[in-house]
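Asker: Handing you this structure, nothing more for now.
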């Protein structure tokens, strides 16, 4: 669920996800096209691809269970579909954390009209 994903990102990065990631680069937030602008944008590209592989439910609005154990995200024993979505969100939140040093404020509200490179496939 998007609210759970928001909490994961906040916990991993310390950043407010809606401000910092909802409109970042070419892939963070709704949709995506072109080539990811940097490592943070690539986190969103990979997250989009991960969601595309999950079929049979709506990854944005289905709830899953997870916990934080010693600072690590642990996805719960949900049915396959929701567990996989949790893993997608977990990987993205960790990716954001791992790429904090290269986060660029200039991509924070990047207009997608500048995402003109050929779109990569998953």
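Yeah, the Cβs are placed from backbone N, Cα and C, and that goes for glycine too.
The following feature annotations were taken from Swiss-Prot:
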ACT_SITE  47  active site
ACT_SITE  89  active site
BINDING   27, 29, 31, 48  Ca(2+) binding site
DISULFID  26-115  disulfide bond
DISULFID  28-44  disulfide bond
DISULFID  43-95  disulfide bond
DISULFID  49-122  disulfide bond
DISULFID  50-88  disulfide bond
DISULFID  57-81  disulfide bond
DISULFID  75-86  disulfide bond
Asker: Out of 48, 89, which has the highest number of nearby Cβ atoms, where nearby means within 10 Å of its Cβ, if these are the recorded positions?
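Answerer: Selected residue: 89.
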Asker: Find, for the listed disulfide-bonded residues 49, 50, 57, 95, 122, the residue with the lowest Cβ contact count at a 10 Å cut-off, counting only other Cβ atoms.
Answerer: 122
Asker: Could you measure between residue 122 (disulfide bond) and residue 48 (Ca(2+) binding site) for me? Cα positions, answer in whole angstrom.
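Answerer: Residue 122 (disulfide bond) and residue 48 (Ca(2+) binding site) have their Cα atoms 9 Å apart.
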Asker: What recorded positions among 27, 28, 86 are found with a C-alpha within 10 angstroms of that of residue 43 (disulfide bond)?
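Answerer: Checking Cα-Cα distances against residue 43 (disulfide bond), the recorded positions within 10 Å turn out to be 27, 28.
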Asker: Helix, strand or coil for residue 75 (disulfide bond)? Use DSSP.
Answerer: strand
Asker: According to DSSP, collapsed to three classes, what secondary structure does residue 57 (disulfide bond) have?
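Answerer: SS state of residue 57 (disulfide bond) = coil.
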Asker: Would you count the other CB atoms within 10 A of the CB of residue 88 (disulfide bond), including those on all shown protein chains?
Answerer: 23
Asker: Relative to the Cβ of residue 47 (active site), which residues of the same chain, six or more apart in sequence, are found under 8 Å away?
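Answerer: Listed in sequence order, they are 27, 88, 89, 91, 92, 95.
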Asker: Could you give the Cα-Cα distance between residue 57 (disulfide bond) and residue 31 (Ca(2+) binding site), in whole Å?
Answerer: 18
Asker: What three-state secondary structure does DSSP assign to residue 89 (active site)?
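Answerer: In three-state terms, residue 89 (active site) counts as helix.
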Asker: Highest CB neighbour count within 10 A among the binding-site residues 29, 31?
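Answerer: That would be 29, with the most Cβ atoms nearby.
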Asker: Which of these disulfide-bonded residues has the least crowded Cβ, counting other Cβ atoms within 10 Å: 86, 115?
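Answerer: Looking at the disulfide-bonded residues 86, 115, the Cβ with the fewest others within 10 Å is that of 115.
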